[in-house]
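Visitor: Have a look at this one before I ask anything.
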Amino acid sequence: MSEMVHSRLKQGQGPAAAQQSFYPPGSPASVHKGATCFECDITFNNINNFYVHKRLYCSSRHQQGETGGLVKEGAVTAAAPPVSHAASPQARPVSRAASASPSCPDPAPGGTASEPKVVEVKIEDPGLKDATCSSSSEGEGPGGGQASEGSQSPSGSAEDQDDDPTRTFCQACNIRFSRHDNYIVHKRFYCASRHDPTNQRPHSGKAAFLPQPIRTRKRKKMYE
């Protein structure tokens, strides 16, 4: 209604023509200079105020806006089903994925297949250990055994000498013990040949003690 009034005002029609457009001819409201809004039950003395009310504040305008909103919502709902139909192809892959869900147990056979592999690895571990043991035993055969025998031969000879129950003298340290047991303990833990065989103490008879000359300090005389 307000748009029609504005269009007529722009075309140059007077307020009387606008008033006649709002009210049918012969109505009592058309006689008065003012105007009455029947939707809001308000009477205006100035027709311009009535136009402003109709344009901005009338409840019929809000009702028209609500009806327009309802129409827009109806259009949106009418347009919504095609969207749902358009989205249905996207939903179909989901349904296909859901239908393909029974194929999810496929990893289970893979898992079961992996379990025998783990068992096989566990079975192979003793074989690997046996192989390593056999290789180590082969390494310890002729060459390794000779190396070990060669490394233990000096200690074996020393132990053979230490096993003599009459031996109580340590040549490396030049110490004689009263008991053979003390000699054995000395050779096992404290002997210098055990730490460094080359570092043997010199015999007392061969080593000669050379005393150093004593140096005397000369005092300066205070009175010269």
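Any Cβ shown, glycine's included, is placed from N, Cα and C.
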Visitor: Among 1-24, 49-72, indicate the range for which Swiss-Prot gives the feature region 'Disordered'.
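Guide: Checking Swiss-Prot against the ranges 1-24, 49-72, the region 'Disordered' one is 1-24.
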Visitor: Counting each residue once, how many in the zinc finger (29-62) are helix, strand and coil under DSSP?
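Guide: Here the numbers are 17 helix, 6 strand, 11 coil.
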Visitor: Measuring CB to CB from His186 (Zn(2+) 2 binding site), give everything in the same chain under 8 Å that is also at least six residues away in sequence.
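Guide: Same-chain residues close to His186 (Zn(2+) 2 binding site) (Cβ under 8 Å, separated by 6 or more) are Cys170, Cys173, Ile175, Phe177.
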Visitor: Beyond Cys170, Cys173, His186, Cys191, what residues of that chain have CB atoms within 8 A of the centre of the Zn(2+) 2 site's CB atoms?
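Guide: For the Zn(2+) 2 site the neighbour list reads Ala172, Ile175, Tyr183, Lys187, Tyr190, Ala192, Ser193.
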Visitor: List the helix, strand and coil residue totals of the zinc finger (162-195) as derived from DSSP.
Guide: 16 helix, 4 strand, 14 coil
